[in-house]
2 protein chains.
Amino acid sequence: MTSSSGTMLQVCSLQPPAEPAMSPRYIKFTNARVVLGSELVTQDLWVDSASGKICGVPKDVLAVYIKPIDLKGRILAPGFIDVQINGAFGFDFSNLDCLTNPVKFRRDLHSLNQRLIQTGTTSYLPTMTSQFTKTYHHALPFLGPTGTGRRASTGAESLGAHCEGPFFAHTQKGCHSPEAILSLGNTSEPELLARVYGEENLFSSPGSTPNVKMVTLAPERLGALDSIRKLSERGIVASIGHTAATYDQAVLGVKSGSKMVTHLFNAMNQLHHREPGIFGLIASSKDRVFDERVDLADDGRPYFGIIADGIHLHPASIRLAYGAHPEGLILITDAVMFMGMEDGVYEWTNGQRTVKQGMTLKLEGTSTLAGSAIDLMSCVNNLLRWTGCSIPDAIRTVTTTPAAMLGISVKGNLSPGADADLVVLESGHDADGFTAEVWNSSI
Amino acid sequence: MTSSSGTMLQVCSLQPPAEPAMSPRYIKFTNARVVLGSELVTQDLWVDSASGKICGVPKDVLAVYIKPIDLKGRILAPGFIDVQINGAFGFDFSNLDCLTNPVKFRRDLHSLNQRLIQTGTTSYLPTMTSQFTKTYHHALPFLGPTGTGRRASTGAESLGAHCEGPFFAHTQKGCHSPEAILSLGNTSEPELLARVYGEENLFSSPGSTPNVKMVTLAPERLGALDSIRKLSERGIVASIGHTAATYDQAVLGVKSGSKMVTHLFNAMNQLHHREPGIFGLIASSKDRVFDERVDLADDGRPYFGIIADGIHLHPASIRLAYGAHPEGLILITDAVMFMGMEDGVYEWTNGQRTVKQGMTLKLEGTSTLAGSAIDLMSCVNNLLRWTGCSIPDAIRTVTTTPAAMLGISVKGNLSPGADADLVVLESGHDADGFTAEVWNSSI
């Protein structure tokens with residue numbers, strides 16, 4: 001991947017995080033260009049190894065307790081957050097080992113976390129495609145938030161699972177198993193959410209987070225608006241996706257509590273200029289008056305995921321979406337288990353097979369895209385190239401913006417008190433690449 | 001038309017322009033909020049009646065030669081420019097009186113100009129739908145630029161004709177007569193433009209402007225790119241419209257010289273996220289690199305017309321387009337002869353009939369929209385309501401922006417030397433309305 005003129009970033013090396021017992025109390029990054037809002041500010045950044053948090057300048061500390069790291073002008077950014085990733089390196093978060101071999105499931109998940117962090121992603125929402133109820137009940141307990149139990153050596157951290165399905169429009173199922181979607185019909189029984197995902201995965205003790213952090217669903221389905229309200233009340237993001245909703249139906253979804261759109265453009269109706277559909281949701285509107293029509297206020301616009309792999313979307317579509325609502329754009333990989341694997345034909349869930357050819361993944365025998373094989377760093381590079389936005393603005397789409405969407409204040413920023421999930425990036429151009437190191441000083 | 005919260009503008013009265021012989025030499029507008037760029041600046045504005053131009057503060061002039069006009073805080077804006085209007089008040093610029101009764105054609109055109117200026121439009125491009133060659137040859141000499149021969153008493157001024165057709169995609173003819181389009185087949189003979197529109201209408205003596213100022217055509221048609229180049233070389237705007245062009249084909253049109261899109265969204269392919277079509281042209285791009293694909297630089301993005309009547313486009317579509325490229329948006333009425341007339345069924349050109357019902361115009365027996373019945377002031381109000389932009393930014397879309405697109409520096413601004421085409425607007429809210437007076441101090 002080269003660019004004739006643009007900045008080029010690449011995660012190319014990992015600084016294996018040291019266990020806190022091995023480290024001095026404080027790490028002091030010097031000569032860093034720190035990503036602060038839309039600026040790169042040259043300043044020091046301190047990390048407290050005891051708490052795994054970014055901290056202010058400590059007072060009266062002997063030099064022996066300080067480990068200085070000279071970044072030599074390199075960029076220091078928050079670790080990347082991927083809110084839609086179905087798997088990678090041969091592991092699928094929906095794989096049936098959760099039922100038949102939970103020990104293997106846990107071990108493979110651990111291995112994925114260690115490799116995922118090398119791509120710059122320090123936290124993520126492990127994302128399950130549409131599954132039968134039993135699979136949810138067995139897999140979700142493994143996929144819940146790593147929470148306070150996290151250690152730097154375990155690699156990337158779960159912020160809770162993303163259940164992408166199964167409450168979809170039948171016409172917009174994408175590559176998901178139709179049986180998993182159809183089995184629910186148009187049921188809207190009051191306790192459907194709990195029955196499908198498992199009661200224990202939607203609730204948590206006070207102060208902690210349930211195993212499920214996000215649900216993608218179609219707002220026009222029977223009972224969907226009520227489900228959106230229930231999920232939102234519990235701090236679970238109800239994201240609009242795999243939907244045949246009209247603009248007005250989607251607006252009702254947002255008004256019911258949805259604050260996210262799953263992979264904008266993909267698996268939804270196209271924009272029509274008189275029926276703009278989901279894309280219309282992100283159009284700026286400071287004034288919501290339009291005769292009797294349902295409409296959104298400016299601050300009610302949802303966040304939206306974008307797959308910037310050059311296969312799912314044309315760059316001009318990404319420019320349109322970014323131009324309409326730059327603060328709402330969240331880059332996602334939508335990667336599946338074949339990310340990082342060789343080309344070939346692979347067995348997938350529910351008896352289907354996927355053909356991997358370079359970055360392109362399709363359901364065998366069809367033209368249906370079956371997720372992506374891209375990493376988040378490459379998505380950031382593509383956004384830089386295709387929109388011409390600044391480096392801090394591109395990094396925001398995988399840090400501050402997803403953290404704000406998830407309502408997680410300790411991620412996606414470099415303020416004192418935030419988790420010390422760090423990525424070190426070296427500014428470079430074109431094929432020269434961008435040397436990046438990933439730090440995760442969590443305990 | 002009311003709004004529960006927004007500013008509401010309305011052209012509700014006309015100050016009949018006085019002939020220069022009746023006026024003092026200078027008009028001094030005082031207590032005016034003058035539209036300057038994106039600001040409303042309280043300052044005086046001077047007009048020289050002798051030249052019909054805005055001027056600086058004259059020196060050593062006796063008070064008797066100055067006519068002060070106290071605007072009492074009202075807004076002073078450049079007169080509106082409509083680059084796509086097919087007729088109004090019962091007159092169609094393509095009507096066959098140009099062939100059979102040229103005296104009547106000229107008289108009716110004069111009458112239209114006197115009424116059109118009362119809507120706030122002080123200059124415009126009289127727009128012809130697709131016609132047979134003979135009609136172009138006879139009508140265009142009447143529709144050329146009013147130029148130095150203009151007088152304030154004649155009302156709105158032509159800046160040259162807009163030939164909307166006949167080089168269209170057959171599949172995107174809209175309400176245009178298919179015979180006029182099909183008669184040209186896919187011919188690309190070198191002198192086709194001159195044969196169709198008339199040699200004398202495409203050329204002019206040095207320093208003046210040809211009768212034709214803009215041509216709408218489909219860039220994918222055989223020979224179209226060459227036509228775009230030829231027109232552009234002569235200062236005639238080649239606008240992309242009524243087209244089935246892909247994104248790449250449209251980019252080639254822009255690279256050949258097109259700098260305008262005719263009524264964006266209408267009579268063209270819908271956006272598809274992997275084939276964004278014409279809409280993709282206006283997406284911001286500071287970096288045009290995308291592998292081997294054809295793409296546009298940021299400064300190569302075309303201007304685009306928008307019909308903000310609430311019928312042709314959903315407000316969210318207008319928000320998306322405005323958000324993507326606010327400096328490119330040009331409000332057009334696309335009004336036809338039925339604007340300002342009673343509801344009913346009317347004969348139209350080429351033996352077709354139009355049904356007018358309120359603001360909606362359709363070809364009889366079809367759902368095909370047949371132009372609009374809106375005035376430009378109402379379009380400005382709609383843009384204010386639907387995007388929440390500022391008053392100066394809304395006014396820009398009918399003044400500075402179309403003037404820049406046409407390359408006419410003396411229109412659309414209030415700098416000394418510009419033509420004194422003025423609209424006086426009173427700031428108001430909701431149903432209180434907006435009292436506006438139209439000034440055209442031209443000689």
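Yeah, the Cβs are placed from backbone N, Cα and C, and that goes for glycine too.
Unlike curated records, TrEMBL annotations are generated automatically.
As the structure is a computational prediction, the values presented were derived from the model and not from experiment.
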Can you find which of A:H137, A:H138, A:H242, A:H314 TrEMBL lists as binding Zn(2+) at the same site as A:E164, A:H263? A:H242
Same-site substrate binder from A:C98, A:C163, A:C175, given that TrEMBL records A:N266, A:A267, A:R274, A:H312, A:L369, A:A370, A:G371: A:C175
Listed binding-site residues A:H263, A:N266, A:A267, A:R274, A:A370 screened against chain B; CB under 8 A survivors are A:N266, A:R274
Inter-residue Cα distance where the pair is A:H242 (Zn(2+) binding site) and A:H312 (substrate binding site), in Å: 14
Whole-number mean pLDDT, the domain 'Amidohydrolase-related' (A:75-427), equals 89
For A:G371 (substrate binding site), the same-chain residues 6+ apart in sequence with C-beta under 8 angstroms from its C-beta are A:N86, A:C175, A:D334, A:A335, A:V336, A:F338, A:L361
Please give me the CB contact count at 10 A for A:H312 (substrate binding site), counting all chains in the structure. 23
I want to verify one value. Collapsing DSSP to three states, which class is A:L369 (substrate binding site)? strand
So for A:E164 (Zn(2+) binding site), how many other CB atoms are inside 10 Å of its CB? 28
Determine, for the Zn(2+) site, the additional residues of the same chain whose CB lies within 8 Å of the mean position of the CB atoms of A:E164, A:H242, A:H263; present them in sequence order. A:Q84, A:G165, A:F168, A:G174, A:T216, A:S239, A:G241, A:T262, A:N266, A:A267, A:D334
